[in-house]
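Asker: Residues or ranges marked as active site, acyl-thioester intermediate by TrEMBL: 130. Residues or ranges marked as active site, proton acceptor by TrEMBL: 243. As annotated by TrEMBL, NADP(+) binding site applies to 11, 12, 13, 14, 39, 40, 160, 161, 180, 316. Feature annotation from TrEMBL assigns phosphate binding site to 99. Residues or ranges marked as substrate binding site in TrEMBL: 157, 236. According to TrEMBL, the feature domain 'Semialdehyde dehydrogenase NAD-binding' maps to 4-119.
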Ligand code: 2RA
């Protein structure tokens, strides 16, 4: 006997990927329902070789459903997640609403699977921010071997992180540069994104960092180790899908580049593509649709005693969101619900 699974926000980029990945990984579901707002009622979405018509989230009764994968904004999540949880349906939420609640587990299954036991607190599990998920997959094995003291990360985040509007904007702006007469919708980003980069994602905080940068710090501490110092600069780049990150770590124990490469090669969820030659590294275009977090350019940072640099690329709609959520559902099934 399998699970009854709801995908909430099934018409968005992440919701559609959740349905794709549930099918690709043959998640043991007896039934899958696609939920969306009333304005999207009846929209057809793919689930493997099946087509589902979206049902109305507002009137949906979660009673008797096992797992709800949420891919809607924090405001709507605030309304519907407690309703689902109260009905006995475990919520796996991709918004930032519950990530920092000490009673709610924030999980990357390759990193902190044991946190799944905390689901008993509120029947809700939080999915991390896309830029955090891919980074902690790489940090965890290196931290276990050499204890990471400090992380300096610069991100190069694709426009799909900003939703469908982000994708449409890059497309429209690029077209308008080659065809000045074409229409350009009002900007979702603060400045032109086509042929440009924008060092600003989410809102500015008191200390001059952005909330996206704050999320990477807070979530890395919650998922990996509160003692790790993290500083981040998050940048939007004119790439449709695939977040890239330049990561520098300082460790307590010495770790040379070859040993780091071997450790990462052996670690779950990671593909090392690291040759010191033309094309010997992964770029965002090459990660799209893949489950892996790709690591390249592993090399010593000779400016400090125990430092390493590396390049990290992953599909932000998959490991950064939908894949991680489905992996949490798999972990939940194996460790807690244990149906079938
Ligand atoms: C972004 N990480 O890339 C944020 C939210 N998905 O826009």
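Placement of Cβ uses the backbone N, Cα and C atoms for every residue, glycine included.
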Asker: Summarise the domain 'Semialdehyde dehydrogenase NAD-binding' (4-119) as counts of helix, strand and coil residues per DSSP.
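Answerer: Counting residues per DSSP class in the domain 'Semialdehyde dehydrogenase NAD-binding' (4-119), I get 38 helix, 32 strand, 46 coil.
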Asker: How big is the Cα-to-Cα gap, in Å, between the residue listed as 'active site, acyl-thioester intermediate' and residue 39 (NADP(+) binding site)?
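Answerer: So the alpha carbons of the residue listed as 'active site, acyl-thioester intermediate' and residue 39 (NADP(+) binding site) sit roughly 27 Å from each other.
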Asker: Only counting partners 6 or more residues apart, tell me which same-chain residues put their Cβ under 8 Å from the Cβ of residue 160 (NADP(+) binding site).
Answerer: 13, 166, 167, 240, 241, 316, 317
Asker: Quick check for the class: what is the C-alpha distance, in angstrom and rounded, between residue 180 (NADP(+) binding site) and residue 236 (substrate binding site)?
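Answerer: The Cα atom of residue 180 (NADP(+) binding site) is 24 Å away from the Cα atom of residue 236 (substrate binding site).
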Asker: DSSP secondary structure for residue 130 (active site, acyl-thioester intermediate), reduced to helix/strand/coil, please.
Answerer: helix
Asker: How big is the gap, in Å, between the Cα of residue 39 (NADP(+) binding site) and that of residue 99 (phosphate binding site), rounded to a whole number?
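Answerer: The Cα atom of residue 39 (NADP(+) binding site) is 28 Å away from the Cα atom of residue 99 (phosphate binding site).
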Asker: In whole Å, note down how far the CA of residue 11 (NADP(+) binding site) lies from the CA of residue 236 (substrate binding site).
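Answerer: A Cα-Cα distance of 24 Å.
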Asker: Return one of helix, strand or coil for residue 180 (NADP(+) binding site), based on DSSP.
Answerer: coil
Asker: I need the most crowded of these recorded positions: 99, 243. Count other C-beta atoms within 10 angstroms of each C-beta and give me the top one.
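Answerer: Going through 99, 243 one by one, the largest Cβ count within 10 Å is at 243.
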Asker: Filtering 11, 130, 157, 160, 243 (recorded positions) by proximity to ligand 1: which pass a Cβ cutoff of under 6 Å to any of its atoms?
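Answerer: From 11, 130, 157, 160, 243, counting a Cβ under 6 Å from ligand 1 as near, the near ones are 130, 157.
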Asker: Measure from the CA atom of the residue listed as 'phosphate binding site' to the CA atom of residue 157 (substrate binding site) and give the result in Å, rounded to a whole number.
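Answerer: Distance (Cα to Cα, whole Å): 20 Å.
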Asker: On a count of neighbouring CB atoms within 10 A, which of the binding-site residues 39, 236 is highest?
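Answerer: Buried the deepest by this measure is 236.
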Asker: How many Å separate the two farthest-apart Cα atoms among the NADP(+)-binding residues 11, 12, 13, 14, 39, 40, 160, 161, 180, 316?
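Answerer: The widest Cα-Cα gap among those binding residues is 33 Å.
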Asker: In whole Å, how far is the residue listed as 'active site, proton acceptor' from residue 11 (NADP(+) binding site) when you measure between their Cα atoms?
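Answerer: Their Cα atoms are separated by 22 Å.
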Asker: Counting only other Cβ atoms and using a 10 Å cut-off, which of the binding-site residues 11, 157 scores lowest?
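Answerer: The binding-site residues 11, 157 were compared, and 11 has the fewest Cβ atoms within 10 Å.
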